[in-house]
Amino acid sequence: MADNNTPGDKKLSVPTKTLTLKPRVETGTVRQSFPHGRSKQVVVEKRGTKRRVGDGAPDAPHAPEPVVAKAPPPPPPSNRPSGPRPGSSQRGGSGVVLRTLTEDERSARASALADARVRDMEERRQAEEEARRRAEREAAERAEREAAEARRKAEEERHRQEEEAKRKAELEAKKRFGEGEAPRPATAAPQQQPAAVTAPARPAQAPGRPQGAPGSRPQQIGTSARPGGAQPAGARPAAARPAGAGPLGRAPGVAAGPEDDEGPRQIRRGPGGAARPAPPPKTTHKPGPQKQRGRLTVVTALTADDVRERSIASFRRRTQRLKGHAANEQKEKLVREVTIPEAITIQELANRMSERAVDVIRLLMRQGAMHKITDVIDADTAQLIAEELGHSVKRVAASDVEEGLFDVVDDSTDTEPRSPVVTVMGHVDHGKTSLLDALRHANVVSGEAGGITQHIGAYQVTAPDSGKKITFIDTPGHAAFTAMRARGAKVTDIVVLVVAADDGVMPQTIEAINHAKAAKVPMIVAINKIDKPDARPDRVRTELLQHEVQVESLGGEVVDVEVSAKNKTNLDRLLEMIALQADILDLKTNSDRPAEGTVIEAKLDRGRGPVATVLVQRGTLRVGDIIVAGAEMGRVRALISDQGETLQEAGPSVPVEVLGFNGPPEAGDRLAVVENEARARQVTSYRAHQKRENAAASISGMRGSLEQMMSQLKTAGRKEFPLVIKADVQGSLEAILGSLEKLGTDEVAARILHAGVGGISESDVTLAEGFNAAIIGFSVRANKEAAALAKRNGIEIRYYNIIYDLVDDVKKAMSGLLAPTLRETMLGNAQILEVFNISKVGKVAGCRVTDGTVERGANVRLIRDNVVVHEGKLSTLKRFKDEVKEVQAGQECGMAFESYGDMRVGDVIECYRVETIQRSL
């Protein structure tokens, strides 16, 4: 900026400002922006303040402010009478002053400061909260460590005490049984050892009685009497035996035999000689009993350690004697309780009775029945045989393996409240899935092909007011999924009937009402789409009266709620009504028991294998449980919730995806947890056997009708459209098969060669090739090998995601097999006036067209006396010797027929055209 002095002005002037020391100032220019797009370049000064001794505290530093270039600065106020102000600055002739803040800037600054203070307080509060949580966490961890250390010390102390007690017990046992410490080496001469160490002192021996006389007291073992009284040098000292040991180291408490009381066997030297103990017998350790080798003498027989055993010949003689006695004795008959199933072989029955199969066959022969041991007899015959042989009978059925799987009565004291299961039903496109999306804050409709629900889905929603969880089951609404809706009604507690306010009651709405009545569950009517201009909720209530559904507003007991899934209107009231209805039902179950549930949907996933959507109804399903559903079994490998989270367990009313089945079960099968794999195999084998028997019975029952059908096919020429169908889930496959079955007529029908769940494989392509069939994949794809094989063999594979498109295409293809319809269109009539015989042409009829027109090449009938005598084509049509295409009424012409010449005067010729009309189903 320029200073205030005008160029060329030479006048001297005294500055009006107070003289101050010029501080060190740093200046710069910036462009200041104002509202409404205005801007201004200003000078910015940066001052440094000094603090002097004796001055008061300097003012709080201010942020640098914009400077006005032209306006002179006002004199700064000073409290001191004289002297320069420490913080003042002097701008020598520049005339630059600081601009005061505007009201908006001041308010903005104040609000910024207030926001900063609020943020500071919030950060300080969060820091304090975090410090408190950290302190609590550290205290909990410290307490846990102390508890773990205390447990460890207690465990170590317990182990130490157990080891000490064990060691003491071992020492005591060693002391008692003479297996304690090793003998100490002798430190003194054996002859200086006292005579009796372990025995009490006895009176002196009577004089004149020789040592070793019959009446003398036997000596101790430790001091054997030798002629001189000396002990051998290598003898074991008496003190080597443990204290408390009896003679020869016998354990205390063991009674000594007569030989022990008299001491060791002694050898007499003579009448007055001293007796010495006999040498100990030699002990030989042999690996086992052996036969006595060499010559058997008295000495060897007495000194042999081996115990004589019975010879083989003697053992055989004894066995023969026992057999002879046993043959003479009358055996006591054993009466057994024989378990008899519905069918059993003769050999198995004899084994269970511990009887010979020959006796059973002999008994049957006396009754006039000839059988072999491999023949199967029924339970009644087996019971008669067992009772005839004196046994008791216990009848069992094959279905007994299912006893105790389901419907076990729980104790009322163990039950607890559970979440309600709500099924949403209604007509197609009435907003069932959209209503669930609004409740779940999700978007499932966009994920469904064509925006329609083709799978049954289960979700959990938490009520905002009460916090209780509600399980919703979404069912398809169109006509093909009747079986799915029936399954949904069976497992539900409450049915929410969704009716569109602009559409009213439709066929699937009526079907849903019937399902709810058959399941005997309460119903809540949700009148949806009330946000539309043509919505008429009162008309819906009136139409429901025709089907015996009377809402509360019309004096009935059925709750009705007007909702809008699009605008999320009255959704809280709908949840409130559901919770109220659940409280009225008082839903309780026992969660501490093996789980029971129902398979809502099942599919075969390529990456995860068989996957079943299961609604747990009772108990708790855990990872690792052995489960049975229908004819399939498995062990739970994983539980996945509707949100995609992996769970370790699922309680009552919780829908989960279960991984671990051997194969995909059928939708609607009941699931149960069994105790072991053996029980699971019994149940599944029985159910598979029942399934095969039912299939065989249905085939055998259809034999007569099948023969009749084959004869009808030969006579009527009924055509078949072969198909191989693979779908993603069992429910969709059922819907497709039901829809295709309805397309069949007396002339054409769909023949399903194979229908299954999973991707299209090479075996499917091979089967389709053998019958020249088409392959249909619904929400599945063919693998690489199957696609290559189909392309190589010319087999068509059609993929669909919407069931309507699949049914329409099959309907068109089957319509192509229908024979077309022939429709006659009358053109005109002519009467023969004269018949001419022309050479090289044949007979030609001269006719007059009475009505309509006659065209060349059209079909004709020759009618004589109201009887058709010929049908053919008109080969020649002339008028005055000219070939013409047609002749109008009232004109005369000449006609000739193809390959026919028997025409007479007065015959009538009908001319008509045949149109071919393609038929459709």
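Note: Cβ is positioned from N, Cα and C throughout, glycine not excepted.
Residues annotated as region 'Disordered' in Swiss-Prot: 1-296.
Residues or ranges marked as compositional bias 'Low complexity' by Swiss-Prot: 80-89 (among others).
The compositional bias 'Basic and acidic residues' feature in Swiss-Prot is assigned to 116-182. Secondary structure of the compositional bias 'Basic and acidic residues' (116-182) per DSSP, as helix, strand and coil residue counts: 62 helix, 0 strand, 5 coil.
What Swiss-Prot records for 183-257 (among others) is compositional bias 'Low complexity'.
Residues annotated as domain 'tr-type G' in Swiss-Prot: 417-586.
According to DSSP, G426 (GTP binding site) is assigned to a strand segment. The annotation GTP binding site is assigned in Swiss-Prot to 426-433, 474-478, 528-531.
As a whole-number mean, the pLDDT of the region 'G1' (426-433) in this prediction is 83. Under the heading region 'G1', Swiss-Prot lists 426-433.
Swiss-Prot lists 474-477 with the feature region 'G3', giving similarity to another entry as the kind of evidence.
Residues or ranges marked as region 'G4' in Swiss-Prot (evidence: similarity to another entry): 528-531. The DSSP breakdown of the region 'G4' (528-531) into helical (H, G, I), extended (E, B) and coil residues amounts to 0 helix, 1 strand, 3 coil.
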